[in-house]
């Protein structure tokens, strides 16, 4: 329905092609070999998924350390909150200086923008575990790892996935912002290149492909959530 409405809006409204191309013209942009669609799709996907996975692993790991060492949380969490207040676009030039051009700085940008939501929600989830269950495991001399894998992690999963869903959206934005600021490949980079020639059809196609990559990531997270999470009425 959206595609049909788009088509009739362009045709009946006599909208210039450089303002809004038709769906057919947008599809035709895929046939331009100079745009190297597959290479750019691959690069952007690596940046999004790479930054996201690093944020998930790092965020859960940091939150776990917070649950084990509350003093560490009291010291580090205010610092993380302060760092998160820095506009990520402002970090772009620094990230380029640290990592140079290419895929790595864009992975770092995606990581930076979606790391904090995962830390925050995971830390909260680990704190929300029933104290009686924790006391039970401690009473039978359970290790910290057993406490985490048997009690804390299952109870915190709804919170973790809540943060992961937010981060999945932010990871896409982070990678594309990174490509806008400085890159030599990727769909965001391609959008800047075709903007010069007013190839709006290619820009629309790049936006559609970026959206599809984000939807795939979000769909994977939703699938894992349905598979692993037992819903709690409190969530």
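Heads up, the Cβ atoms here are built off N, Cα and C, so glycines get one too.
Curation does not apply to TrEMBL; its annotations are automatic.
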Matching 45-69, 70-94 to TrEMBL annotations, transmembrane segment lands on 45-69
Given the transmembrane segment (156-181), its same-chain partners at Cβ distance under 8 Å and 6+ residues beyond its ends are 44, 47-49, 51-52, 55-56, 59-60, 88-89, 92-93, 95-96, 105-115, 117-122, 124-126, 128-129, 187-189, 191-192, 210, 213-214, 217-218, 221-222, 224-225, 228-232, 235
